[in-house]
Every structure is written in structure tokens, then in C-alpha cells.
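Following: one structure in C-alpha cells, then a few remarks.
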């Protein structure tokens, strides 16, 4: 157990020695499971707040005397239990906006410290009369962060456990009934999740949760409520955050293997290649091809995915992405249109013209929790020609789309690669990054979109072939996917289908 003198020694020998000597207090934390660990709070009073911010942020990735890491600074919203990511540059935060005290919190390195703070039931104040409450748990590229607020009007920095150690443990979920009583009835289901979720796997995972509190039952609910699909075998589960793919790997991995043609995320690595010059052909016969489109999804690291995000996180996604898109220039420059400010008539026109995502009528979306608070913080950004678009906060944080009428897929793909790379550069300039790892590629809500997230598709009119009994088999052999004219969960109008690539993981964008 760490003691007060030892903790002082740790901080005096670390990054805080250049700031001032900290005042340390102890707060006892009770988990729902009845276990107890100690949260150490360090209160720093200083007149020069900006120097403190810059010092902490500069050393945010420094490990010292244990598995602790500085995440970042946060400023609180109007409600005391919510926190917002602030810029990593201390100069962006004026001194006048930072009332004291400045507070730093770290976890004990005892054996129980890997438990998720999402399981906290209460915090008892031990002497400093500060009421403490905790906000969402966010992640950075290497670490899981816990953002805590101590008292009203505070600026807080979370110091927490190494990400790999924390995620592998899995936060406990309190249950009244045994796993066998909670196991869903999947006997009539035809989706990937149902094929692999055995009672044993369910029992192993049902008591775990990600650091954000996302559970197995939440991940599989859309597949439980939707047994099958008329056109495709759906995945049947979604991720609520980046950590979902690790905490629930025992079900996600076999689903990924099935959905991505044998790709094993435990042993294989995903390539990325956005060099459009490698594409030598791509002009289709416009007698049949009506329009061409390439899209992908990208997720902002540190914010929960749409099935699990809070209103504040969803609005933060909108803010971050819109600010970045404002930097696009040339033929990519455009404007953002929020659904909350758009008339019903304008929305429907964009939907009918296949520029905007539909209203949340798909049961796959609604059952996964992605339609909550609609249309708050949703919208579309597009350039002046409506050939480069970004959807915000539909199924994923963002959908980046290049499209045009006709069959010039090569030109569409070139614009897609150029625009996507520019969007990523602008996002990084703002201090953010996309979720990515070498095994799964780009992390998105649905496992079907892992890897490139890319779907290169055409609206194609096939009046005779579509009536041939061999049509489905031909598409399957070519690893192509058929959707209705309006996309997933829609029927074909006449003989016009949305045909696109099926595989996204294990192959690069140009393959």
C-alpha cells in the first residue's frame, strides 16, 4: 500500500518538482463489488496556471515510479460530473478561466487498482471537504484515461494505469442472475454473432465491461433483436469503444474471421495504402453504371463510438471534425450543414439524391443505441460540387465519401484518397487522431468495416442478370455485396442495385 510520505517522494522526484510541493490527501473509494482501493489526490495551488498546464501536458506520456501516465487537461462543462477535452497546448487555456484549485488524481498501484472507475458507487471525502465525481473514461493512443472532477470550477488531469494492463482485466459487471439465465435465445438467428456466441463464451464475457462501462449485452443487442437480413448475413454486434475489441475479443475475433474471409486479428497485420496512382483502370460502362462512390469511416480516438457515446461526446466529435474540415481548400473546400438547423424538406431532398444518410429507421441502428438524441450533433459537410462529403455521427464518428454520377471510378478514388489524407492531417493538427492498430486497421463501430473501412460501390442497372438464379452466387464468388438502391435495409428500385466490395480487412485500399 502506498503511504503519504512515499507518495510525496514520488511526486517530488517527478514532473511536479518544477511546479511546487503538492498537498496530498487520501480518498477512499468503494466499488459495487465491495472492494476498496485508495485514490490519492494532489491539490496544487498556484498563481501561474498556464505554466502548470504546459508542464503537465509536456510530460503527459512520462512513466514514473509505477504504471502511471498523464493523460491531458480538461475543463468542466456546466454540470460538475462532465468533462470536456481541452487543447493540449497550454496557451489555449487562459488564466482567467481556471479558478483554483488545480487538482491531480492518481490511482494506487495495489492489486485492485485495475478495476474500472466506471464501477464506482461513491467517493468519501477524507478531510478536504471536496465532493468528487467522475466523468467518462477516455483513451489515448497508448493509454486509457480517467477524467475526474474534484469540486466545482476545477481543472483536472487524470493520472492512471497503463492501457494494456487495464483493458485486459475488464471491468466487473454486477449481476443478480447467473450467466445461464441471461444467455439470449439465438436458435432462429442467422448472423455472425449468433454463430459464435456459445453459452461458454457468454459466461466468460458477460461479467466484463470496457473502461467506459460498455458491456457484452450492449454489444450483442442489435444481433439479438435482429435475427437476420434479407440480403446479407449481418455481423450481429457492434463496438461501443476502441477497447471493446480487446475486452470482448473471444467473440469479436471469431466474428471477424468469418466476416473477413478468414482474416485472423490475433496473428495477421492489416496493410494501409492510399496511393491512388497505383490504380491503372476504373472506367465503367455508363450504359449500366449510373453512379460511382467510395466511402470509408474514421473514429476519433479518445471518444466513445456512437452506440455508447454521451451527448457531450457526440457534440465533441462534431466540434472536432467540423473545425478540422474548415481547413480544406481548393476543390475540397465546402460547408457544414447541421441536421438541427436543416428543414425537413432540405433533409429529404439530400436523402433522395443519395447525398445524406437516411433517418434512423434501420433496426440495426436503433437497437444498437445509435439513434439516441436524433438529430443532435449530426450533420453533413460537402464541397461545392457535392463530390466530396463527410457524414458526422451516424453509424460512425465520420464517413468520408467521394462520389459522382457515371462510371469514372478512378477519378472518384483519386479524390477520395486525396481528401481523406487531407482530413487526417487537419485532425492531427488539432491534436487528435483516428483509432487504428496494426491488427484491425482503422477501428469502426461495426466489425464489418474494420481495416480500410472502404466500400467502393456503384449503382448499377442489371435488368436481366438480377433475375438470374445465379446472380447471388456470382457476387459471392467475386466477393461482392448487393444492397438495395438506397443502401442497407432498402429494396432495389427497378433493377438498380448498390454493388460493392465485401472485404475490408487484410487488404489495402488499392488492392
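Note that Cβ sites are derived from N, Cα and C of the backbone, with glycine treated the same way.
The feature domain 'Phosphagen kinase N-terminal' is assigned by TrEMBL to 174-261. Remark: secondary structure over the domain 'Phosphagen kinase N-terminal' (174-261) totals 41 helix, 3 strand, 44 coil, with classes taken from DSSP.
Annotated domain 'Phosphagen kinase C-terminal' per TrEMBL: 288-511, in sequence order.
The ATP binding site feature in TrEMBL is assigned to 291-295, 354, 399, 455-459, 483-488. Sequence-distant contacts of residue 457 (ATP binding site), defined as residues of its own chain at least six apart whose C-beta falls under 8 angstroms from its C-beta, comprise 292, 293, 294, 295, 483, 498, 499, 500, 501.
Residues within less than 8 Å, Cβ to Cβ, of residue 291 (ATP binding site) and separated from it by at least 6 positions along the same chain comprise 354, 403, 404, 405, 406, 458, 459. The Cβ of residue 399 (ATP binding site) lies under 8 Å from the Cβ of 295, 296, 297, 357, 390, 391, each on the same chain and at least six residues away in sequence.
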